[in-house]
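Worksheet for the structure shown next.
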Amino acid sequence: MSKRDYYEVLGVARGASDEELKKAYRRCAMKHHPDRNPGDAAAEAAFKECKEAYEVLSDGNKRRAYDAHGHAAFEHGMGGGGGPGGPDMGDIFGDIFGNIFGGGAAGPRAARRGADVGYVLELDLEEAVAGIERRIEIPTLIECAPCHGSGSEDGKVETCGTCHGRGQVRIQRGIFAMQQSCPHCDGRGTLIQNPCKTCHGAGRVEEDKVLSIKVPAGVDTGDRIRLAGEGEAGPAGTPPGDLYVEVRVREHAIFQRDGDDLHCEVPIRISQAALGDTVRVATLGGEAEIRIPAETQTGKLFRLRGKGVRSVRSRSEGDLYCRVVVETPVNLTADQRELLQQFEATFTGEDARKHSPKSATFIDGVKGFWDRMTS
């Protein structure tokens, strides 16, 4: 049977970058990995195919040879450096699967740990600031109870006679010697003659796990909480992976967060801005007062020390910044409109410049601009 194009195997364009190749290989390998598809011959073949494709395309010399000659580049010694499967893949697997399966390709698969699991936890701002204990439910692989994770119905596990329990075999390709996973035991180092009827020899079963998570006060979007040993159960009774809970804080109707500081807008009336007043504002700890001085303009910031968020790391407290917005009155009555018209009539001549200096400066600027344009 003819081999598929390596770029097609990984699902990338021929001009794909090294990073795109690596991501594509990660997706392909994770999808077809034998640990996730126990007993599935088609998945195992697909896994080996994407492994071979990545080995060639991730090597600059081999990729150039493949682009020029296709699969023929690795027949009869062409291409140099051995054909696909030549070099030890330990470094690649250590990089890509190191954090997922607990190590590189060296040694029996039994030395690997379970996969880490990710979970996104959404919180309201108040919950993130105060801290909370939350119960979550996650689908994951847990140790098979009937066989205690061994994968064997009777608990008996035999040492592989091909690799003698090492999970690796040494092969020679021309002048190159390499280690690869034992094809007889699939790198486990052991064989199961009587597979467990519950897990079919995998040693693990899918189940929804319920956990209680204590979220510390002050967390923010992007913070991660690690729960050691709460990830997927390891294959063949090996240690489990970890659970990483990523926090996402929902947008708040009043406050915007910037680190440990909070920001909000405080609308005030024209009369309050002109004459001054004391207004009450909301904080996460209750109400507080702000004294608005006379002649306050839109955009003025008022700082309330210690009314922000207590830092999850240093335990110091942030501040609350209140930005004043002078609100234009709407739905005026006839009397209110008349009073405002009378008030506006007082802004004439130099009085207008004195009471509205920014407006006067703006008008002068516009007049000067047109004078220069028409002169």
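Each Cβ is built from the backbone N, Cα and C atoms, and glycine gets one as well.
Feature annotations, reproduced from Swiss-Prot:
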type	residues	note
DOMAIN	5-70	domain 'J'
ZN_FING	131-208	zinc finger
BINDING	Cys144, Cys147, Cys196, Cys199	Zn(2+) 1 binding site
REPEAT	144-151	repeat 'CXXCXGXG motif'
BINDING	Cys160, Cys163, Cys182, Cys185	Zn(2+) 2 binding site
REPEAT	160-167	repeat 'CXXCXGXG motif'
REPEAT	182-189	repeat 'CXXCXGXG motif'
REPEAT	196-203	repeat 'CXXCXGXG motif'
Integer average pLDDT (0 to 100) for the repeat 'CXXCXGXG motif' (182-189): 80
Per DSSP, three-state class assigned to Cys185 (Zn(2+) 2 binding site): coil
Alpha-carbon spacing, Cys185 (Zn(2+) 2 binding site) to Cys147 (Zn(2+) 1 binding site), which is rounded to whole Å: 19
Residue pair Cys144 (Zn(2+) 1 binding site), Cys160 (Zn(2+) 2 binding site) - Cα distance, angstrom, rounded: 22
Other CB atoms within 10 A, centred on Cys199 (Zn(2+) 1 binding site): 23
The zinc finger (131-208) - residue tally per DSSP class, helix then strand then coil: 0 helix, 35 strand, 43 coil
Cys196 (Zn(2+) 1 binding site) versus binding-site residues Cys160, Cys163, Cys182 - nearest by Cα: Cys160
